[in-house]
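Undergrad: Before we start, here is the structure in question, set down as structure tokens.
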Amino acid sequence: MKVIHTIKDLQAELSVLKAQGKKVGLVPTMGALHAGHASLVKRSVNENEVTVVSVFVNPTQFNDKNDLVKYPRTLDADCKLLEACGATYAFAPSVEEMYPEPDTRQFSYAPLDTVMEGAFRPGHFNGVCQIVSKLFEAVKPHRAYFGEKDFQQLAIIREMVRQMQFDLEIVGCPIVREEDGLALSSRNARLSAEERENALKISQTLFKSRTFAATHTVSETLKFVEDAITAVPGLRLEYFEIVDGNTLQKVDNWNQTSYVVGCITVFCGDVRLIDNIKYKES
């Protein structure tokens with residue numbers, strides 16, 4: 001595996017491989033890689049002759065600068081993991097390489113980007129679209145891989161691809177969990193042992209809510225989850241919403257649509273964790 005730091009060098013390598021008819025998969029990451037990322041990389045390696053993994057902590061998507069400072073940066077360990085997964089290139093640019101001048105582009109995909117994360121992290125998805133569109137333009141991949149843990153982000157990127165007419169396939173990949181059910185996240189590394197124990201309640205509650213939902217209404221299921229999370233000292237619920245998996249708009253009853261997802265964000269101490277669960281999938 002080769003580590004590349006500039007767009008120019010990456011494009012020089014890729015143009016040769018594309019000329020040979022090789023398919024290129026892109027896995028955009030912010031580093032601090034774990035088994036969830038590894039599953040995306042392995043899927044790309046399986047489906048494309050060439051896999052590029054970007055490792056870049058994107059400053060424009062952090063609405064909380066403190067979160068940006070604290071975000072773990074572990075490039076050496078990341079490269080070892082990527083090599084083991086069979087990636088062809090790790091693309092690790094500097095901020096100056098990706099943003100030679102400030103990116104003033106404004107992306108608006110309402111109502112997808114105005115609810116949930118969009119409401120609580122203003123500017124976040126604009127930053128995501130800035131960097132992902134730059135990566136798509138630099139790499140011009142045939143496929144790009146994103147985890148379903150960031151469910152709203154995946155929906156917004158699909159819409160961005162549609163509106164900007166990028167010629168590529170977006171591949172959504174299932175959430176990867178620890179054996180005990182906790183959704184893998186780079187932020188889990190910041191949890192104390194006690195916080196880690198509390199955080200388990202998030203996925204446990206979501207799984208229980210799926211059984212509960214089979215015999216209860218949407219509003220009863222919302223209350224079931226809210227009550228279970230708020231009962232745990234050390235957890236603070238930011239939001240839990242039950243939405244149409246395509247439009248991300250709230251649903252009032254289970255029969256409203258064939259694709260229903262529950263999306264949750266919880267502060268565990270000062271670490272913000274997200275998760276989701278599918279109640280109905282067509």
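Every residue gets a Cβ built from N, Cα and C, even glycine.
Swiss-Prot feature annotations, pasted as is:
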- HIS37: active site, proton donor (ACT_SITE)
- 30-37, 147-150, VAL176, 184-187: ATP binding site (BINDING)
- GLN61, GLN153: (R)-pantoate binding site (BINDING)
- GLN61: beta-alanine binding site (BINDING)
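Distances, neighbours, how buried they are, the whole picture for these features please.
TA: Within 10 Å of the C-beta atom of HIS37 (active site, proton donor) sit 26 other C-beta atoms, taking all shown protein chains into account.
The Cβ of GLU148 (ATP binding site) has LEU154, GLY172, CYS173, PRO174, ILE175, ASN276 as same-chain neighbours under 8 Å, each 6 or more residues away in sequence. Annotation note: GLU148 (ATP binding site) sits in a coil segment as assigned by DSSP.
Taking the Cβ of GLN61 ((R)-pantoate binding site) as centre and 10 Å as the limit, one finds 21 other Cβ atoms among all the protein chains shown.
DSSP gives GLN61 ((R)-pantoate binding site) a helix state.
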Undergrad: Within 10 Å of each Cβ, count the other Cβ atoms, then let me know which of the binding-site residues GLN153, SER186 comes out lowest.
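TA: Each of the binding-site residues GLN153, SER186 was scored by Cβ atoms within 10 Å; lowest is SER186.
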Undergrad: With Cβ-Cβ distance below 8 Å and at least 6 positions apart along the chain, what are the contacts of GLY36 (ATP binding site)? List them in sequence order.
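TA: Listed in sequence order, they are GLY147, LYS149, ILE175, VAL176, ALA183, LEU184, SER185.
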Undergrad: Of the recorded positions listed here (HIS37, GLN61, GLN153), which is spatially closest to SER186 (ATP binding site) when Cα positions are compared?
TA: HIS37
